[in-house]
Each structure stands twice: as C-alpha cells, then as structure tokens.
Amino acid sequence: MADVDVEKGVAEATAGNSKFGWNKRVVLGPDYWRWLVVVFGLTSSILGSSLIAGWWLVENHLGVGIFFLVTTCLLSACTLVFVSLAAMTDPGILPRGTTSPEDVPESDNAVRLVEVNGVPTIMKFCGTCQIWRPPRSHHCRKCDNCIEKFDHHCPYVGNCVGARNYHYLLKFIMSYLASMAFGFPMVILAITWESISLQSSQNLSPAEAFGTALKTDGTFLLFIYLFINVWFSFFCVRLLVIHLRLIWKNTTVAERNKKTFEHGNPYPKRGWQNFRAVCFPDVKPSRIVAGYEGPTWSLPEDCDVTIVGEAIDNLEQGQSTAKLSSSLKSTYSADSAVSDV
Ligand SMILES: [Zn+2]
Ligand SMILES: [Zn+2]
C-alpha cells in the first residue's frame, strides 16, 4: 500500500468553457446569462414588492413600515450578494495536466482502486483534464473542467457548485427565504391596513374596503411580483429540504444521483457537524488564480486515502459501475463492496 501523493506545482492555465476575469478571481460558468436573469428577476420582484407594500405601510404606520422596509431590503441585498458570489466564485476547478508523467496511465479511461477511510473506492483518470481525479471530484461536461467536491451544475447561476461556492448557494437560498418570511407578512399587513384605513375614511363595508384596496395604484404590479415570489419560494423550500437532507448525510447531489454510497459512506462527519462545516467552511485558495503555487490536488477533509492497486487501463467507455466493481473486486480479491467516486 502506498500513500496518495498530493501533487504540487504551478497551476497551469485551464482550458474548459468557464469564463475568467480579474486574473481568474472571477470565474463564471459558460451559461452565466442565467445568473443575470435570476438577479434581474429577483431584484425586480423582491425590491418591487417590498417598496410598494412598504410604502403603503409607511403611509399607515411609519414605525412598522420602516421596520419591514429596512429588514426586507437588507435581506434582499444579502440574497443578491450570495447568488452573485455563487455564480462568480471558482467552484473548485482542478488545474489540467498536473499529473506527473510517470503517473499518467496509457488509457484516458483508466481507473485505480483506493481506500477512503478503509472503504474501497474507484478513482478515475480524467482523459480531458489529464489528472487523476481526487475522491468526490467530477468532470462537468458543461464547464468542461474537473471540479473539487462537485455537487451539481446549477442552471440558476450557470456555474458549477463545488467545494468553494456551495456555501454561497446555500446562503442564497436561506437569505431569500428569510426575506420572504418578512416579505409575505408585510404585503398582507399592508393590504389589511389599507383596507381598514379606507373602511373608516370612506365609510365602506370590510368587503368593499378590501376590494377598493386591491384597486389601489401599484396593486397589479404587486400581485405579479407576489406570483413570482410565491412560485420561487416553493421551489427554494423544496431545494433547501433536499440540500439539508444531503448535508445531514454528508453526501453531494452528484453522489446521491450516482448512488455512490450504496455500500457505505466513507466520510466521517455526520449530522450537525456537517451543517457547521458547510456554513462556515475552510475554503481553500483557488487553484487557478494567477500566481497560485500551492497543491493542485487535495483529498477530501478528514480522509485517509491509500492506493491499493496499480492503475487499470481497460475501463471501456460506458462500462457500468456495478461491472467495474465486480471486476475490481475479483482483481484485488476485495471482500467489501466498491464505491464509485
Ligand atoms: Zn476533467
Ligand atoms: Zn459546470
């Protein structure tokens, strides 16, 4: 058995489809226009509904109006900052071609068996990036780069979500839902107060006053904004529940989709520790930023990875994990099941 070496060297320029700016401090996905659509949609709907409802509240009750207006505007600003950071941060691109020549296998589809914390796991060679992909990494076809602790390619920020920007995505979802937790009561309170005020000033019945309040200038726009926010809130709640469940189990979306841990999850953190690690992560420096000279490859945290066999060069394109696992098990006489990374 040999310990896995973490290769060191100057990060080379990456190819792939990501867009770079400011000496690669800003990394956008190939479909970054999606993030711009989300930012525009959220800015107009959150701020639009907050300003209209806030104005009605301020007219009827200055203190309550200012409280809701300031709170929703601050939370909305956090939402926009976090979604933009998720879209613009390097998700954890692994520099290409950094594997030492003697470690490059003959085939681009080579695999090797490693043990992650004692659990047999398949490590794949990425023919495009010419690197042995560390456990939990994955090659994103859209960005055309290998991403450290790849979670998924997010269609809403147009970028990959991985080791370096996952926490921003989570904070975006949570701050958006927090802004809605204040935004919805604010709108209900604004319409109710407007109705009560009309009821007394124009001597109307409660139903008539409510109907008149709904015909006030800006109501139509408010309901369009509300429709967008209600729809997006349901979507975000569902997304948050999915991610919280995965964080609890220390599993990424990619690992869930590929059923990577069918035979056991080798990563030790469980439950609340995972939430702390995700919300306050120890984010490593970007490996592609100009001037970076640190390791180009790293192991997942709290992991003891050992190579238990030489590279196998005969993995055919499309060969299933089940087939591969059984062939590796017979090759190495491993008794336990083999996980795919
Ligand atoms: Zn790759
Ligand atoms: Zn991607």
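Just so you know, glycine gets a Cβ as well, placed from its N, Cα and C.
Automatic prediction, not curation, is the source of TrEMBL annotations.
Cβ atoms under 8 Å from those of the transmembrane segment (32-58) belong to residues 19, 64-66, 68-69, 72-73, 76, 79-80, 83-84, 87, 155-159, 176, 179, 183, 186-187, 189-191, 193-194, 216, 218, 221-222, 224-226, 228-229, 232 of the same chain, restricted to positions at least 6 beyond its ends. As annotated by TrEMBL, transmembrane segment applies to 32-58 (among others).
According to TrEMBL, the transmembrane segment annotation covers 64-87 (among others).
The domain 'Palmitoyltransferase DHHC' annotation in TrEMBL covers 123-259.
What TrEMBL records for 173-193 (among others) is transmembrane segment.
TrEMBL lists 220-241 (among others) with the feature transmembrane segment.
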Residues from the same chain, set at least six apart from the ends of the transmembrane segment (173-193), whose C-beta lies under 8 A from its own: 42, 46, 49-50, 52-54, 56-57, 60-61, 64, 68, 71-72, 75-76, 78-79, 82-83, 210, 213-214, 222, 226, 229, 232-233, 236-237, 239-240, 243
